[in-house]
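Structure, as structure tokens:
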Amino acid sequence: MREKKVKNLDMKQYGMVVALIAVFLIFSFLTKGANMTPMNMNNLIMQNGYVVILAVGMLLCVLTGNIDLGVGSMVALSGAVIGILLVDYKVNIWIAILAAILVGLLSGVFVGFFVSKLGIPPFIVTLATMLMGRGLTYTVLQAQTKGPFPNEFTYIGAGFLPTIKVNLGGRPIDVISVGVAIIISVLILLAEFKDIKTKEKYGFATNPLWQIAIKEIVILAIVWFIFSKLATCNGIPFVLVIMAVLAGFYHYITTKTVAGRQIYALGGNAKAAKLSGINTEKVFFWVYTNMGIMCAIAGIVLSARNGSSTPKAGDGFEMDAIASCYIGGAATAGGVGTVIGAVVGAFIMGILNNGMSLYGWSTDIQKIVKGAVLLGAVTVDLVTKRKKG
Amino acid sequence: MSDVILEMKKITKEFSGVKALADVQLSVKRGEIHALCGENGAGKSTLMNVLSGVYPYGTYTGDIIYNNEVCQFHNIKESEAKGIVIIHQELALSPCLSIAENVFLGNEQTSVKGVINWTKTKSKAKEMLAKVGLEDENVNLPVNLLGVGKQQLIEIAKALAKKVELLILDEPTAALNDEESKKLLELMLELKKQGITCIIISHKLNEISYVADSITIIRDGKTIETIEKEKEDFTEDRIIKGMVGRELTNRYPKREDVKIGKTIFEVKDWNVFHPEEAERQMIKNVSFHVREGEVVGFAGLMGAGRTELAMSIFGKTYGQKIQGSIKMHGKEVRIKNVKDAIQHKLAYVSEDRKNYGLVLIEDIKRNMTMAALKKFFSKNGVVNKNEEILAANKFMKKINIKANSIDQKVVSLSGGNQQKVVLAKWMLTQPDVLILDEPTRGIDVGAKYEIYCVINELAKAGKAIIIISSEMPEIIGTCDRVYVINEGEIAGELNEYEVSQEKIMQCVMAHNRKGE
């Protein structure tokens with residue numbers, strides 16, 4: 001009989017989730033529960049969709065030890081392409097979407113080329129694309145707003161999955177939302193079960209059962225809290241689907257694939273990565289190309305939600321995305337960070353924004369608080385790490 | 001007149017339990033050129049770092065008596081204030097600043113506090129440059145336009161600007177060509193006339209016997225002897241004897257039951273040029289071969305071009321205009337990048353594990369599988385984490401890495417264990433040929449022994465192994481055959497029975513003379 005090995009859960013990676021819950025609870029206390037209403041939960045998700053998408057793409061750049069400053073401009077540019085195609089040329093929405101993604105792809109390739117082939121620092125290249133992209137957006141839009149868009153298109157940003165409402169104690173509940181929540185819960189539990197099984201099969205150390213139980217209860221509680229709110233509102237927003245798919249996909253890439261591992265290795269020590277046979281140029285190229293595509297997706301979601309394209313769209317989004325990654329535990333030097341962390345970071349920012357608006361603070365004050373939170377989060381992270389040595 | 005300017009008494013310095021210096025004595029007379037000799041790792045640079053305050057007072061034991069005064073330096077500034085200036089092997093110049101700015105780097109000429117007086121800076125810089133024979137240089141040019149030789153002279157001018165009394169030069173000619181070296185040595189003699197005392201660390205024994213008045217030999221962190229020119233002739237043989245005369249106990253495990261088979265790795269007419277200076281040839285017509293189960297050493301002094309040779313072979317990671325042929329198992333292969341090299345079962349363990357070998361912030365497991373991930377631990381681009389953990393655990397046990405678990409970050413491991421992780425990383429790529437560049441640099445004796453055992457195991461498994469080492473006993477103790485490399489060329493080949501430290505040094509000296 002093999003000795004059963006047990007090791008404690010690494011709490012560090014859950015610290016962000018705890019912070020997220022804390023921030024949410026603080027604001028629900030301050031706003032007397034106003035941020036907990038079904039409608040507000042719905043808004044939280046729909047308002048932050050684009051930040052989450054950008055943060056996920058940005059995380060890969062941050063993992064290499066760099067950032068992409070051109071993100072906001074690229075969001076605007078891809079939105080502008082959609083606006084012109086839908087309003088001026090009345091093309092099919094799929095063609096418009098494809099065109100927007102193509103524009104994002106090209107802008108990503110552009111950055112990737114300068115960064116990887118010519119070795120220009122990403123900070124400079126993306127500072128340039130930030131200016132160029134914004135200027136280009138104003139030029140093609142002739143400084144005007146394009147709209148409105150057909151309903152099939154705005155569905156992407158403002159629509160909901162079909163609902164089946166059932167009356168439960170006098171309140172209409174969406175059965176689809178409940179069903180999805182059940183499916184997610186089962187999948188989470190199955191994944192955990194499978195994980196334990198493989199660990200036992202290989203004789204690896206497993207976490208104590210009570211710790212696993214607490215972890216799963218917290219995760220399931222969050223899932224059910226969100227979905228119960230959504231079920232009593234309009235159902236599942238389509239943006240949530242996009243977000244979940246992208247976050248899931250990139251979580252998979254960064255944690256389970258060779259490509260993901262190469263990004264971490266490059267960010268941790270580029271010279272060692274290169275001498276281990278990793279084509280660092282190629283990694284850089286794809287990370288920035290990918291960021292371009294993510295900008296296009298965010299641009300699509302944003303213009304769909306607004307129902308129009310404006311030249312000012314996406315202003316400052318790069319900072320939100322970068323801040324999300326750092327709040328989510330990524331290191332400025334590169335090599336450290338997770339997709340989940342970036343998503344949680346994006347939601348911490350979102351909950352802050354949302355809570356402060358409900359509480360009645362002006363956007364000016366909000367900026368001060370957001371800056372302080374970013375500084376505080378990174379300071380705490382670094383100082384505790386230094387103490388551990 | 002035996003006026004002693006510096007006396008270091010019973011200096012002992014430990015690095016995490018390993019004694020780098022043990023009761024070292026050094027006595028330097030005023031106005032002489034004093035050479036420190038010893039093998040790499042003998043403790044020469046450590047001793048000088050103790051003297052100059054790089055290792056502050058309290059991190060070592062023993063006394064430094066300078067100008068009849070007991071000194072306790074806490075940093076370089078304090079030693080410089082007393083007139084002790086050290087010039088390290090890696091130059092401490094800021095490449096894009098002008099010559100004048102560099103001469104007064106950290107010692108700026110100011111009128112009001114904090115405001116630089118440029119007239120004074122430039123005129124004084126000219127003065128200093130004249131003293132080192134660079135009176136024709138434009139002091140406004142950035143230093144990176146100058147060659148290494150002139151940069152070295154700028155360093156000396158910088159020292160002179162600090163009113164140096166005792167100048168320490170750590171391998172000043174290692175990166176210089178013959179003409180530049182000659183100029184530097186003449187300058188040292190000139191400075192001596194002006195009353196400046198000099199300590200020089202150098203491997204080039206011909207240079208030492210040319211300039212030095214006395215030589216202190218250090219071996220294994222201990223002072224062996226001091227030879228004085230007045231009393232004894234400085235023949236190279238005499239110095240080598242002092243440097244080498246150690247008894248070899250069984251610090252090197254015996255290799256048993258290893259059959260040396262046919263040649264599996266062959267490099268022919270290999271030529272490489274410097275990556276930045278296209279005209280400078282670093283490797284000249286090098287040819288060598290290694291057989292199955294054979295351990296071949298690349299001996300030579302620092303800067304001989306061994307690492308450059310290895311890296312240029314390993315996926316062209318060094319140099320440009322690389323020419324020559326590589327044969328694996330008798331078949332010619334083309335290796336354009338590291339990926340090709342790994343594909344052709346070639347592995348290279350870098351001499352600089354922290355910068356080129358490891359991702360320090362990652363754990364042992366991920367570092368181990370970094371090079372082999374694609375080939376052995378993934379399917380369709382998806383990592384098989386379970387196999388990865390199994391392999392990492394297996395290797396941790398196999399080569400005895402001391403750590404809590406494979407999830408420990410490598411930054412927290414000792415040098416020896418870090419080196420083992422790098423070794424494991426390359427063993428996991430299942431190579432046929434391993435190039436180990438300074439595989440035991442900076443690690444303690446016990447870990448060294450374990451690494452030699454791993455090397456023996458690999459040889460037993462029929463791998464071809466190349467060891468690059470500056471520690472001659474290591475080369476002699478572990479290799480079946482040795483190539484002596486000097487100035488980018490093969491200066492000689494020695495078999496197991498004829499190889500000795502004297503022979504290696506003789507090869508180098510003979511090759512140096514041929515070059516002159």
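A Cβ is built for glycine as well, from the same backbone N, Cα and C atoms used for every other residue.
Per TrEMBL, transmembrane segment is recorded for A:43-62, A:69-87, A:93-115, A:122-141, A:173-191, A:212-230, A:236-253, A:283-301, A:321-352.
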Which of A:122-141, A:173-191, A:236-253, A:283-301, A:321-352 shares the most C-beta pairs under 8 angstroms with the transmembrane segment (A:43-62)?
A:321-352
When counting Cβ pairs under 8 Å to the transmembrane segment (A:69-87), the leader among A:93-115, A:122-141, A:283-301, A:321-352:
A:122-141
Long-range neighbours of the transmembrane segment (A:321-352), counting only residues six or more past its ends (CB under 8 A):
12-13, 15-17, 19-20, 23-24, 27, 35, 44, 47-48, 51-52, 54-59, 62-67, 71, 243, 247, 250-251, 254-255, 264-269, 366, 369-370, 373-374, 377-378, 381
Should the transmembrane segment (A:236-253) and the transmembrane segment (A:122-141) be scored as in contact, given a threshold of at least 3 Cβ pairs under 8 Å and pairs 6 or more apart?
no
